[in-house]
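Single-structure report; data block below.
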Amino acid sequence: MSMSGSKKDVESEKQKALDAAISQIERAFGRGAIMKLKQHPAEKMDSVSTGSIALDAALGIGGLPKGRIVEIFGPESSGKTTLALHVIAEAQKQGGNCAFIDAEHALDTVYARKLGVNVGDLIVSQPDTGEQALHIVEYLVCSGAIDVIVVDSVAALTPRAEIEGDMGDQHMGLQARLLSHALRKLTSVVSKANCILVFINQIRIKIGVIYGNPEVTTGGSALKFYTSIRLDIRKVSAIKDKDNVIGNQTRVKVVKNKVAPPFKQAEFDIVYNEGISKLGEIVDMGVKFGFVEKSGAHYSYGAVKLGQGRENAKGYLKSNPDIANELEQKIRACLAESMHSSDLFAVDERTDVLEEEVF
């Protein structure tokens, strides 16, 4: 027998053995428990916009991926909850159901409404313990009817033993174990339900760190591993109208991304009582892509003079929504073409990524 014939016989036997194993698995666990990917070709991943054009582009797929776990972390008053509420507003615009697990008991419904959230349809829970919060999340995800769930925040998911104990008692690692156990159960059901689970997290300073970044996030290491997206949001500078501070310029770094190239960043304005300024992004990205010409402090769009100074240009676009919409469509078309470019919104890959602290 030739060598080629012998090799074909071996391959045939291996294929028969594989088919038998697959058949046995399907009998034991049901059809769909195992499959070849060619039977289910890859499709474009569904996403929900973050409310920021630049951040949608930096994420690589046009927003936060459905069926995945996301972490948003940063210092106090950096815009974490604002960004999460914008995600809820965008999901509701698509007809989705959303839930907000308010572990901090600090949700401002008036502010949420100003950001575009339909608070009448928003499902809100203010749990007493971390266990209760995560059980509620599990029930909502398993229902298959929720598109976005926001947990605000990880630091406020206090274990029952800590709440029922005395103020000075030590409870090392309780919260980390609670999250680790919950995430092991939630990961698969979040994927099957095609739901976005967003955890908002705080940062702490690790004592005794001389070299490297002393900042750490709360809740242990499990969340870092189970998330598909991690967003580091920071306040860059204040936005002023004469002497009054009216908002913050904000930078978001995509420090982890399992669905597109990571280490990209986006900058946008968060205006008080308004949220993410889409008009500011249109001006900035219009200049970036060459649609808006900036000559000194003057901005123009073709023959149209937008105004002197960035704030005046934003004011003109606010008064002329047709021009703003036209510019936005052109920008989004350019982003769609270059979304997967390695240089678009790229940052240094050596960016310090926060470690996690076990509480």
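Placed from the backbone N, Cα and C atoms, the Cβ positions cover glycine too.
Remark: Ser77 (ATP binding site) has Lys235 as non-local neighbours, by Cβ distance under 8 Å and separation of at least 6 in sequence. According to Swiss-Prot, the feature ATP binding site maps to Gly74, Pro75, Glu76, Ser77, Ser78, Gly79, Lys80, Thr81, an assignment based on sequence analysis.
Around Glu76 (ATP binding site), taking its Cβ as the centre, 8 other Cβ atoms fall within 10 Å, counting all chains. The ATP site is set by Gly74, Pro75, Glu76, Ser77, Ser78, Gly79, Lys80, Thr81; from the centre of their CB atoms, other residues of the chain with a CB within 8 Å are Ile233, Lys235.
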